[in-house]
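Have a look at the structure below before the remarks.
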Amino acid sequence: MSFPDTSSDESSAYNNNLHLTAAGMSFTYIRNNKGPNIEPWVTNFFIMFSFSEMAWKVKANDRPYHHLPEFKKKVFLCIKKSRYSGNAIKTYKYNVLTFLPLNLYEQFKRVANLYFLVLLILQIIPDIATLPWYTTLIPLVVVLGVTGIKDLVDDLARHRMDKEINNRKCEVLLDGRFQESKWRDMQVGDVVRMKKNDFIPADILLLSSSNPNSLCYVETAELDGETNLKFKLGLRVTDERLQDERQLAEFNALIECEEPNNRLDKFMGTMLYEGKRYPLDLDNMLLRGCKIRNTEVSHGLVIFAGADTKIMKNGGKTRFKRTKIDELMNYMVYSIFVLLILVAAGLAIGHTYWYEAIGSKAWYLFDGKKQDSSYRGFLMFWGYIIALNTMVPISLYVSVEVIRLGQSKFINWDLQMYFLEKDTPAKARTTTLNEQLGQIEYIFSDKTGTLTQNIMQFKKCTIAGRSYGTDIWNQYADRSFQFVDHSLVECIRSGKDKDVNEFFKLLSLCHTVMVEHKDDGLVYQAASPDEGALVTAARNFGYVFLSRTQDTITIKEMEEERTYEMLALLDFNSDRKRMSIILKFPDGRIRLYCKGADTVIYERLSPKSRHKETTQTALDIFANATLRTLCLCYKDISADEYEAWSELHQEAQVAMSDRDAALDRVYEQIESNLMLIGATAIEDKLQDGVPETIAKLAMADIKIWVLTGDKKETAENIGYSCSLLTDDMQIHYGEDCKMCKGLHDNKHGGMSLQIDFVDMACECEAVICCRVTPKQKGNVVSLVKKYKKAVTLSIGDGANDVNMIKTADIGVGISGQEGMQAVMSSDYAFAQFRYLERLLLVHGRWSYIRMCKFLRYFFFKNFAFTLVHFWYSFFSGYSSQVAYEDWFITLYNLCYSSLPVLLVGLLDQDVNDKLSLKFPKLYLPGQQGALFNYKNFFISLFHGIFVSLVIFFIPYGAFLQTMGQDGEAPSDYQSFAIVTASSLIFTVNLQISLETSYWTFVNCFAVLGSIAIYFGIMFDIHSAGIHVIFPSVFTFTGAASNALRQPYLWLTIILTVGISLLPVICIQFLHKSIWPSVGDKIQRNRKKYEMELLQEEKKKKAPAFERGRRSRRSAYAFSHSRGYADLISSGRSIRRRPAARGIFQESIREVPQTAAENI
């Protein structure tokens, strides 16, 4: 079969049809062709087929192309618009016309708000209106108004931000020349010019730059939070042909790529230019949200604009997390709904029978309406729904949000969680989860960078069977030096030990570190702290990495500068756990250097390799000291072997399907029969306070699981060093457990087997999961949440921890050495693991106690207030007549009883922060949910029933057949309403005083102020002046002054309040005396414990870990990220003359020193 030439544009349509119809044969041919000599048309054919389904097409410098009918999509009915978004963005939700309807619609989606809207409508109906409409309207308007103002302020900020971004300026190539244009006017297919420190306006294909080989440096802080620079590069063909304005104006390439998506780590496409196709990947793309750095001028082609850009695609809503208290509170509100309906139905039935027996026969009750008793009962049902509506607290949700906001601010303002070294305060990134911090049962923690500092120091090494760094020959040596073995320096300086020289030569050559020449020396930019530590170690021992180009690496070997030709760079990834470099020496030799984890290196060693046993012994010793190890080896390659392998390597590099797997297979072929040189040992120190924090959390009955990508031995030794594991524990390994084996063998993981596994693991005091991928970390968290119904917290510092942070009930990010992705995905963030202790045992516990106390009291005060109507109905013919004045009902939850309970929710604490940390057992009630549950809810209900009984029946008895001192009977309805209302205000405000554990001036002012506000407003609305202005609204003219001048009624109020509070006082006294809680005991001996704390602070704490306890082999960091090999191999990764600017904030900085000075 013959195939047409794919290099001509005229045959492109024919080729596309041919590829589709002949696809099966072409794949068969490629599979059967094992050799390297694949025909060119097959490769072309395969590439074309691979991208035939890529529907996103962009043509350079051709705006009309993107408005062709084939690129239009239906919007509504027959209305169509281009599928390519403009570059203007819109993140705001409302405009002038839509704010009111949309915001009200969103607020009325909440059941409580909708319920009160229905009540308001019912109150307009005269036949069933038992309360004036304003008694519901005013609280509803206040709640809607506060929420609406908050939403409006937030949306105005979004409007301002959108306007500022859309009006930014950029140079766009129009009519053959670059013209200044606003971002919002930019379109897909435009060629743009960007300058240093410019923000990137869209997702742009980099064409060329002012740097050699079209290298471009970008800062991705707005995209992923990381401040270290990333490297992007243009294709060689665009770099060579698209440098000036004329060439860019004539550029007419067609880009075919994937549809817009939210994958920040992936991009696949091809560029058809001058009859040839060129593969595109993420290294060629400049993403919106990034910033151009250290590159004077860059040119690019807009691929995705506006809403199609990756940063905007990532702007979707994340999973909304709810607390257990939230869920419980919602169920309780539903229970109140049911209770309200049952009570209203019972009273309606009572009215039906009452009217049948009494009401219809009493001539003085005749209202002129011809309605039978059943219909009147039906109307009374709705009347009682209105009268008893305050059982459902309209202000509950708003008050909860205010309390949570305040608690979040307290976390942000806590100076004891502020990390001075990095100027990093704690940050509550959400306001909805604070009380859940007091209920944590399981903590899932990353190891590297979370428990440890992720700052690597070269400590020991073994070379050709001999260990270095283990003997301290000078008793006066400063223990702060990183390396303390003088014999190694002597070996290097003598030059007699070839193995030692080869060892450090490997460290200086086999890496993907980037280097910049600063005024004060060299600055290394490494893909991981491990890499930087090893290259820095080689540098300090006289093997200094100086520079690299596309195909060379230059180092200084003991003051002698040498350049090696780089033939191939086999980069690290999490599956390979190693990296290699193939170099051509100045004398023509070809050698492969390899470094990696001991497990993968030992599998690939030659049978002739020496020192395997001694090196393994050294690895065990290093691991016992919790050091991270790395094996180094080499292999000499003949020219013929390299040529044959190089052809396979080139084929794998151009593979468009599963390219990574193809490269791994080729790498596997050359990385065999290696010769062992030695191993390195790097120390990753624990963060300050980690052992003490873990010990305290364990005492609080919080179980800690460590999820790490490291080997079992590494994680186990870290477990001992941080006090997660102790000598008293019995260690069980997964490979020794039949259940774990069954779970591993069962790929689908049967539910019963998963349950058994989780039950077994949760019985352990501590669990360490080793060699887990980021996805598996999230799966472990999901298993515990699913089967144990436990409250979980995940904490990590890197991008590999994002999955488990988002999966857990609460995610905590540590701003460490691995960027800010974990922080940006978290609910809470701080700089050190030790702050977790204070976050949970202080802020979490306080927040839980405050919220529980607030909710219990809130339900109580509403029941006590509302159920007075219920008792009154037995004496009013079940007529839905209310027991209070209308304005009292309106203002009760807004003014008279809201502030004291709000302050308790914000400020209350049973013991101070120091005692909270000293006694972790105080945390247990939160885990058990003991302070707020259905039991507490019903206690609040019955407490409210009791208080409402007292508040109604004592004044009722006092008013019965009573004569005032002026000879008049004060037993009128209005005086009765004032006495019951006044008794209620005194009772609920004094009740919250009894519940308050931590008194401040503000609390005292709130309680007394609420009572004063009540009397002030009451006398105002009962005055004659306001009655004259609004005679139909304010009907209690002079009632307050008339009633409250009677000493008899004041005695009634005092008696009512005293009887209401007396049982509570007695119960609290008996409870604290006979059945005191842990908190009660601590409060009783508070001064004694505070003195003990002062004495303990003066004592020095003993070390938590003694080295040399066990012999375990450590392993290379499996969390090592992919290096810069792709950029280096392409030849576009290093500038010839880098600018001397301090842009590498996370870089490794070392001033050159001689080896002798370092020891």
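Just so you know, glycine gets a Cβ as well, placed from its N, Cα and C.
Remember, TrEMBL labels are computer predictions, not curated facts.
A 10 Å cutoff on Cβ-Cβ distances gives Asp446 (active site, 4-aspartylphosphate intermediate) a total of 30 other Cβ atoms nearby, all chains included. Feature annotation from TrEMBL assigns active site, 4-aspartylphosphate intermediate to Asp446.
Taken from TrEMBL, the feature ATP binding site covers Asp446, Lys447, Thr448, Glu531, Phe572, Lys595, Arg628, Thr708, Gly709, Asp710, Arg771, Lys777, Asn800, Asp801. The local packing around Gly709 (ATP binding site), expressed as other Cβ atoms within 10 Å of its Cβ over all shown chains, amounts to 27.
Residues annotated as domain 'P-type ATPase N-terminal' in TrEMBL: 61-137.
What TrEMBL records for 166-232 is domain 'P-type ATPase A'.
In this model, the domain 'P-type ATPase C-terminal' (823-1077) carries an average pLDDT of 89. Per TrEMBL, the feature domain 'P-type ATPase C-terminal' maps to 823-1077.
Residues annotated as transmembrane segment in TrEMBL: 108-125 (among others).
Taken from TrEMBL, the feature transmembrane segment applies to 131-153 (among others).
The transmembrane segment annotation in TrEMBL covers 331-355 (among others). Tertiary proximity for the transmembrane segment (331-355) is limited to same-chain residues at least six positions away from its ends with a CB under 8 Å from its CB atoms, namely 111-112, 115, 373-374, 376-378, 380-382, 384-385, 388-389, 391-393, 396, 859, 870, 873, 877-880, 934, 937.
Marked as transmembrane segment by TrEMBL: 375-400 (among others). Sequence-remote contacts of a segment are chain residues at least 6 beyond its ends whose Cβ falls under 8 Å from one of its Cβ atoms, and for the transmembrane segment (375-400) they are 110, 112-113, 115-116, 119, 122-123, 125, 127-131, 136, 139-140, 142-143, 146-147, 329, 333, 336-337, 339-341, 343-345, 347-349, 351-352, 355, 359, 851, 854, 858-859, 862-863, 865-867, 869-870, 873, 878-882, 889, 892-894, 898, 901-902, 905.
Long-range contacts of the transmembrane segment (854-875) within the same chain: residues 325, 329, 332, 343, 347, 350, 384, 387-388, 390-391, 393, 396, 399-400, 403, 881-884, 892-893, 897, 901-902, 904-905, 931-932, 936-937, 939-941, 943-945, 947-949, 951-953, 956, 980, 984, 987-988, 991-992, 995, each at least 6 residues beyond the stretch ends and with a Cβ under 8 Å from a Cβ of the stretch. Look at TrEMBL and you will find 854-875 (among others) tagged as transmembrane segment.
Residues 131, 134-135, 138-139, 142, 390, 393-395, 399, 402-403, 406-407, 850-851, 853-854, 857-858, 861-862, 865, 977, 981, 985, 988-989, 992-993, 995-996, 998, 1000, 1002-1003, 1006-1007, 1009-1010, 1013-1014, 1017-1018, 1021, 1034 of the same chain lie 6 or more positions beyond the ends of the transmembrane segment (887-907) yet place their CB under 8 Å from a CB of it. Positions annotated as transmembrane segment by TrEMBL: 887-907 (among others).
What TrEMBL records for 937-961 (among others) is transmembrane segment. Within its own chain, the transmembrane segment (937-961) has Cβ neighbours under 8 Å at 332, 335, 856-857, 859-868, 870-872, 875, 883, 970-971, 975-976, 979-980, 983-984, 987, 991, 1048-1049, 1052, 1055-1056, 1059-1060, 1063-1064, counting only residues six or more beyond its boundaries.
TrEMBL lists 973-992 (among others) with the feature transmembrane segment.
Annotated transmembrane segment per TrEMBL: 999-1018 (among others), in sequence order.
As annotated by TrEMBL, transmembrane segment applies to 1024-1041 (among others).
Residues annotated as transmembrane segment in TrEMBL: 1048-1070 (among others).
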Query = Out of Thr448, Asn800, which of the binding-site residues has the smallest number of neighbouring Cβ atoms within 10 Å?
reply = Asn800
Remark   = Students should find that the Cα atoms of Asp446 (active site, 4-aspartylphosphate intermediate) and Gly709 (ATP binding site) sit apart, in Å rounded to an integer, by 9
Request  = Select one residue from Arg628, Arg771: among these binding-site residues, choose the one with the most other Cβ atoms within 10 Å of its Cβ.
outcome  = Arg628
Request  = Look at every Cβ pair spanning the transmembrane segment (973-992) and the transmembrane segment (1048-1070), keep those 6 or more apart in sequence, and say whether at least 3 of them are under 8 Å.
outcome  = yes
Query = So for Phe572 (ATP binding site), how many other CB atoms are inside 10 Å of its CB?
reply = 24
Ask   = Cβ under 8 Å to the transmembrane segment (999-1018), counting only same-chain residues 6 or more beyond its ends: which ones?
value = 887-888, 891, 895-900, 902-904, 907, 978, 981-982, 985-986, 989-990, 992-993, 1040
Message = If we skip the immediate neighbours and take only residues 6+ beyond the ends of the transmembrane segment (108-125), which ones have a Cβ under 8 Å from one of its Cβ atoms?
response = 131-133, 135-137, 139-140, 143-144, 333, 337, 382, 385-386, 389, 392-394, 396-397
Message = Let me spell it out: take the transmembrane segment (131-153), skip the flanking residues so only those 6+ beyond its ends count, and list any with a Cβ under 8 Å from a Cβ in it.
response = 93-94, 99, 103-104, 106-107, 113, 116-117, 119-120, 123-124, 386-387, 389, 394-395, 398, 882, 886-887, 889-890, 893-894, 1033
Query = Across the listed ATP-binding residues, Asp446, Lys447, Thr448, Glu531, Phe572, Lys595, Arg628, Thr708, Gly709, Asp710, Arg771, Lys777, Asn800, Asp801, what is the farthest Cα to Cα distance, given in whole Å?
reply = 27
